[in-house]
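Asker: One structure, pasted below without further comment.
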Amino acid sequence: MRSRQTRDRYRLLPEGYQVTPGRNRHPGTMVGNTPVLWIPELSGTSDPDRGFWAKLEGFNPGGMKDRPALYMVECARARGDIAPGAAIVESTGGTLGLGLALAGKVYRHPVTLVTDPGLEPIIARMLTAYGAGVDMVTQPHPVGGWQQARKDRVAQLMAEYPGAWNPNQYGNPDNVGAYRSLALELVAQLGRIDVLVCSVGTGGHSAGVARVLREFNPDMRLIGVDTIGSTIFGQPASNRLMRGLGSSIYPRNVDYRAFDEVHWVAPPEAVWACRSLAATHYASGGWSVGAVALVAGWAARNLPADTTIAAVFPDGPQRYFDTIYNDAYCNEHELLGGQPPTEPDEIASPLDAVVTRWTRSTTVIDPTQVVS
């Protein structure tokens, strides 16, 4: 029963105002139950009622990867894979690192994060503030790029730290299982979902969310969003400006058979979408968010009007204040080229051409199974 003081406080609220319980004993309980927001498609060329639902994972303390960070640690502890107080060592481009720093605080494990010079200074400083060690590699691997260089450094550190545990986000099935909660939240918020649009990096959230949503709608379509220069879907590796999606290695958690089609997006196109979202909806994010919004808007224009489209926005905009939202940076990298075309280029197979701008293919291949 509420105290008199509490009842008096509630009388001050406007009639009909709903209060969501928000008391948390530790920061791990703040993860999840993120909102969805209706986003009319951004091009402005179609019916304003056309749009998609954005799952705003930036409302988590550190972003979407708080979910797998906590879940992977919880599962490892339950299995006895990591001893109480043992070190956690992992490779990260930033977002999982924030989640692991959180998990380290919740479960009292020291955390060392191996990253590269592309990590934004604001994230490096915050990781240090959260108590994590930040280990920076200085040279990319000649074949596997920065990701392989980070993985190699993790292996070195694991040999130096007896009893340390590596989550291995690229191949750990718990990374996939962690997203069941996100999928069930979407079902509770939206009901039947016809199309899911996800960025693809480690492959965890696209596989984990789609698997659960298809328990409710087996015909749901999954659209994967990658960046140009990424090897995940069979393109050759090249320098990648966009972080948070794409890869220069082949993560085992990517479920190639789950995808109905894949889109590659270039940095200027993602920047346009991010800035458009910020200007029109006060809800934006980083490279993955811009790329996903561009593709989800395309789906909203081209699919029947009653199609329910869910798009996962993995983070918020704050860490990108000096890149995506910095005119000097964008001009230096020629990212302010104006509105992209309303339709992507199309290729029959990812092996047919090297893509350099927004491109779509309905043929999805597992490049590790391609015989040259």
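For all residues, glycine too, the Cβ spot is worked out from N, Cα and C.
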Asker: Which of Ser46, Ser288, Ser349 shares the pyridoxal 5'-phosphate site with Gly201, Thr202, Gly203, Gly204, His205 per Swiss-Prot?
Answerer: Ser288
Asker: For the binding-site residues listed here, Thr202, Ser288, which shows the highest count of neighbouring CB atoms within 10 A?
Answerer: Ser288
Asker: Whole-number Å distance between the CA of His205 (pyridoxal 5'-phosphate binding site) and the CA of Lys65 (N6-(pyridoxal phosphate)lysine)?
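Answerer: Cα to Cα, His205 (pyridoxal 5'-phosphate binding site) and Lys65 (N6-(pyridoxal phosphate)lysine) are separated by 9 Å.
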Asker: Do me a favour and check the Cα-Cα span between Gly201 (pyridoxal 5'-phosphate binding site) and Lys65 (N6-(pyridoxal phosphate)lysine); whole Å is fine.
Answerer: 12
Asker: Between Ser288 (pyridoxal 5'-phosphate binding site) and Lys65 (N6-(pyridoxal phosphate)lysine), how many Å separate their Cα atoms?
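Answerer: About 13 Å separates the two Cα atoms.
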Asker: Near Lys65 (N6-(pyridoxal phosphate)lysine), which residues of its chain come within a Cβ-Cβ distance under 8 Å, counting only those 6 or more away in sequence?
Answerer: Thr95, Leu96, Leu98, Gly99, Pro314
Asker: Going by DSSP, is Ser288 (pyridoxal 5'-phosphate binding site) part of a helix, a strand, or coil?
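Answerer: Ser288 (pyridoxal 5'-phosphate binding site) sits in a helix per DSSP.
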